[in-house]
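Chemist: Among the features that TrEMBL reports, active site, nucleophile is placed at A:Cys2. According to TrEMBL, the domain 'Glutamine amidotransferase type-2' annotation covers A:2-221. What TrEMBL lists as region 'Disordered' is A:50-91. Taken from TrEMBL, the feature domain 'SIS' covers A:286-424, A:449-590. What TrEMBL records for A:Lys595 is active site, for Fru-6P isomerization activity.
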Amino acid sequence: MCGIVGYVGVDGGADALEVLLNGLSTLEYRGYDSAGVALANASLSVHKSEGELSELRSTLPEESLRGERTGIGHTRWSTHGPPSDANAHPHTDAEGRVAVVHNGIVENYQELRDELTDAGVSFDSETDTEVVPHLIASHLETGDDPERAFRRAIDRLEGSYAIAAVVAGGDEIFAARNESPLVVGVGDDGHYLASDVPAFIDHTDRVIYVDDGEFVRLSATGRRITDADGEVVEKPVETVDWDAEDTGKSGYDHYMLKEIHEQPTALRQCLRGRVDELAGEITLEDLDGLEHDGPIQFVACGTSYHAAVHAATICRERGMRANAYVASEYAADRIPVDGETLVVGVTQSGETADTLRALREAKRSGARTLAVTNTVGSSVTRVCDDTLYIRAGPEIGVAATKTFASQQIALTLLAGQLNGGLSYDAIEALRSVPDQVQTVLDTSDAKAVAEELVGSDAFLFIGRGLAYPVALEGALKFKEITYEHAEGFAAGELKHGPLALVTDETPVFAVVTGDGETARKTISNIKEVEARDAPVVVVTDGRSEAERYADYVLEIPATDDVGAAVVANVQLQLVSYWVANLMGRSIDKPRNLAKSVTVE
Amino acid sequence: MSVRSAIVLAAGEGKRLRPLTRHRPKPMLPAGTKPILEHVFDELVAAGIEELTVVVGYGRSAVQSHFGPSYRDVPIEYVVQEHQLGSGHALAVAASTVEERTLVVNGDQLVDRKIVGDVISTHETDPDAVATLGVIGHDDLAEYGGAIVDADGTVSEIVENPTDDRTYRLNAGVYALEAEAVEAMTGVEPTAGEFSLIDGLEALVDERTVRAAASEGIWIDATYPWDLLEVAETLFETGTVTGSVASSARVHGTATVVEPAVVGPDCVINAGAVVGPNVCLGQNVTVGSNATVRRSVVDADSRIGANATAIDCVTGRGVRIGPGSAVVGGPGDVRVDSTVHRDERLGALIADRTRDEGGVTYAPGTIVGAEATINAGATVRGSVDSETEVR
């Protein structure tokens with residue numbers, strides 16, 4: 001998703017261009033299609049281009065830009081208008097006095113654009129953002145000082161935004177936030193600004209989280225944060241624990257493969273101190289004995305939604321009234337919510353706009369809200385009443401892997417906490433999951449299966465019960481990074497339509513664990529596709545006879561349903577990775593996708 | 001100019017450590033509760049090394065995932081040796097990263113900071129030396145590399161597995177090398193498809209000044225898997241590792257931990273169990289009620305059942321010793337292929353994810369491969385292959 005970075009340094013401080021370019025490169029993983037920078041002194045120097053950051057670098061007259069102390073930069077992920085040089089940020093007014101970068105969506109931009117056009121302003125781009133510099137310029141013309149002009153422009157905007165602006169002749173940055181992340185970095189050599197901490201973590205680990213409705217004015221040595229009424233807000237300076245080195249690939253070819261291999265460690269962190277096999281108890285320190293017997297609604301998007309389906313299934317098995325909803329549909333669906341309802345938002349980044357919107361709506365209806373996230377200090381933690389951290393550590397690959405496994409486990413613990421705890425057997429099984437994931441990493445045949453099946457027409461994934469969200473996630477991962485057609489189905493649904501897709505060129509991945517009725521029924525569904533000559537890959541613990549109907553077997557250790565769901569998914573992650581790798585895809589930065597989706 | 005960087009060789013499997021090396025190389029086997037390689041890194045960092053280059057190959061994801069991109073704030077660069085063609089080839093693979101003098105260290109043997117420091121300081125005081133190698137006094141060199149050191153401290157000869165009765169010092173596998181020495185050592189032709197660092201060193205000794213840094217530091221090697229027991233004991237004796245119970249571990253009020261013992265993170269010790277002395281439990285190990293564990297190295301995620309006994313026992317990861325099973329302790333004869341090692345102090349060696357169902361008796365010196373299953377009530381002796389079932 002779009003990234004913002006800004007720097008205003010003291011004399012003898014860092015080189016602004018260097019700070020901006022390095023910052024943007026650390027935000028690359030979020031996905032983008034164009035990039036740009038604006039450096040400010042008496043006049044503004046604005047440079048931007050479509051494509052990778054290296055494109056921007058190659059067009060920069062770097063020498064003439066050296067030694068500047070103030071600037072803003074941006075990586076853009078298109079929402080209004082295609083990727084192009086003109087649509088890239090920063091955007092400027094006609095005279096080039098004001099440069100603006102923006103994340104989010106200005107919902108009333110057409111109205112503002114019409115108004116400005118009527119006043120004789122001409123637009124260079126198709127973006128919603130461009131109204132902002134023109135608005136600021138129009139207020140400057142009426143004699144406002146830059147801060148006042150900025151505030152008056154922002155006041156006109158509806159929608160979600162993190163915005164930063166610089167004005168020619170000044171050495172300050174003005175910024176504002178509404179429903180889109182923005183962080184100030186407090187350094188010894190000046191102030192930093194970014195949409196995400198990694199952008200400046202090399203320079204400082206002291207940060208101020210800006211909240212919705214707040215305005216920021218930064219100079220090299222001063223900062224002022226004010227609320228909508230212009231009153232100064234005293235904000236705590238927090239120290240973040242984020243090792244810049246954590247973002248290296250540690251000898252792996254891709255972040256995704258590194259993160260797949262980090263899963264045992266991530267799961268240990270998720271479980272640490274939370275399960276006690278001696279006492280047969282679980283303790284979620286963040287939730288302090290929270291129990292709940294009313295309805296539970298899980299809201300989430302993408303991979304997190306699949307974790308939410310997992311969670312709702314477990315809750316229902318335990319007799320709770322629980323459902324999972326796609327966050328963007330949640331509001332449209334008019335789901336009944338009241339004070340008895342617990343709404344759980346699952347979001348890795350904690351910044352997912354759709355999920356945040358759903359949680360805000362639920363809160364307005366009086367529901368209790370709970371965030372399940374990986375990101376300390378993220379927006380969702382401030383929106384919700386309570387937060388449960390999944391503790392997976394930074395995830396850079398756009399396709400979520402370790403955070404899904406950690407969500408599965410954290411949500412299983414949550415389900416236990418909400419009613420009656422977990423059994424000794426369940427706790428023992430949870431403690432075995434990290435080693436079982438390691439077993440799969442040590443022994444998986446996924447690469448060989450990928451080599452056999454790459455080039456097929458389409459890839460289908462089926463599962464039942466807790467294996468159903470695994471099938472959905474297996475298919476999502478597959479399409480995200482291979483760009484091939486892949487679909488996940490409830491195994492029993494296959495015969496109600498999707499079976500028409502099945503040929504000898506459509507491999508079917510079936511997740512079959514345990515030896516109960518669920519497994520037996522899925523085996524019947526496997527026979528349905530086997531009879532139509534589809535290559536069958538079963539992911540199984542070998543406790544049922546599923547292997548008899550399989551062309552390929554991806555083995556997992558025998559364990560309970562929850563453990564099996566985590567471990568089976570790892571096999572499917574590896575299949576996706578190896579197929580994408582064989583196809584030469586951009587695995588860590590798939591086309592059109594962004595790591596955290598901060599627009600609705 | 002001081003020595004700031006180190007190349008650590010960690011690409012080889014260490015075949016003599018089978019079956020513990022099924023999924024990871026020897027440097028990742030536990031010395032106490034930490035991998036051998038982690039001890040090596042600790043000592044290098046303590047000696048002031050600021051950049052680590054690690055040559056990885058066999059089981060490399062075990063190394064990469066354990067350490068990640070840095071260790072104690074020292075950045076790690078991983079260099080992949082695709083085919084394990086010897087330590088000299090490993091150095092050649094890493095050589096492109098060498099721009100100035102560097103340390104080269106074996107990642108599969110324990111060395112302490114004293115040896116590392118002695119090598120660095122000796123090298124820095126002799127401008128003529130293109131290479132300095134750490135040497136120690138040692139009783140038995142037949143398994144290792146020897147160096148003949150002249151009275152003035154220069155190395156005159158390098159001999160692998162010496163058997164004659166000249167006075168040798170043991171080559172501790174710690175080298176300070178000038179860039180030109182790296183170049184000379186990696187330019188040697190391979191012998192019999194393998195290319196040892198020692199071949200390069202021999203050539204260097206013939207032509208240039210190679211200095212020996214005599215050290216009193218600690219050097220430990222595990223030649224065979226059961227040596228891990230002795231390694232742990234030595235670490236306790238020398239104070240390199242001290243007894244501790246991790247804060248995230250849970251020990252029942254009626255269980256006893258007898259010093260010295262290390263109880264790793266997330267471990268659970270149930271009621272009435274006795275753990276120690278000389279026991280190392282890796283992370284997330286579970287010891288059942290009334291079980292006894294003595295002089296054993298139990299690797300991560302293993303479970304020792306209720307009422308089980310484990311004495312002189314080495315386990316891999318995720319091993320299940322069932323309820324009431326007994327590893328009664330050494331000494332016993334250990335059979336590896338066609339060789340018999342007499343009277344080794346080994347109760348049993350049980351490799352990764354082997355599971356016994358309970359009531360199993362292990363004769364002293366038993367070796368069980370990985371992912372085997374031993375049915376309830378069986379008696380095992382000798383050596384059991386990986387992935388087999390014992391009834």
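Positions of Cβ are set from backbone N, Cα and C atoms, glycine also.
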Chemist: Check the domain 'Glutamine amidotransferase type-2' (A:2-221) for me and report the mean pLDDT.
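Modeler: A mean pLDDT of 88 is what the model gives the domain 'Glutamine amidotransferase type-2' (A:2-221).
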Chemist: What's the CA-CA gap between A:Cys2 (active site, nucleophile) and the residue listed as 'active site, for Fru-6P isomerization activity' in angstrom, rounded?
Modeler: 10
Chemist: Is it possible to get the count of other C-beta atoms within 10 angstroms of the C-beta of the residue listed as 'active site, for Fru-6P isomerization activity'?
Modeler: 25
Chemist: Counting across all protein chains shown, how many other Cβ atoms sit within 10 Å of the Cβ of the residue listed as 'active site, nucleophile'?
Modeler: 28
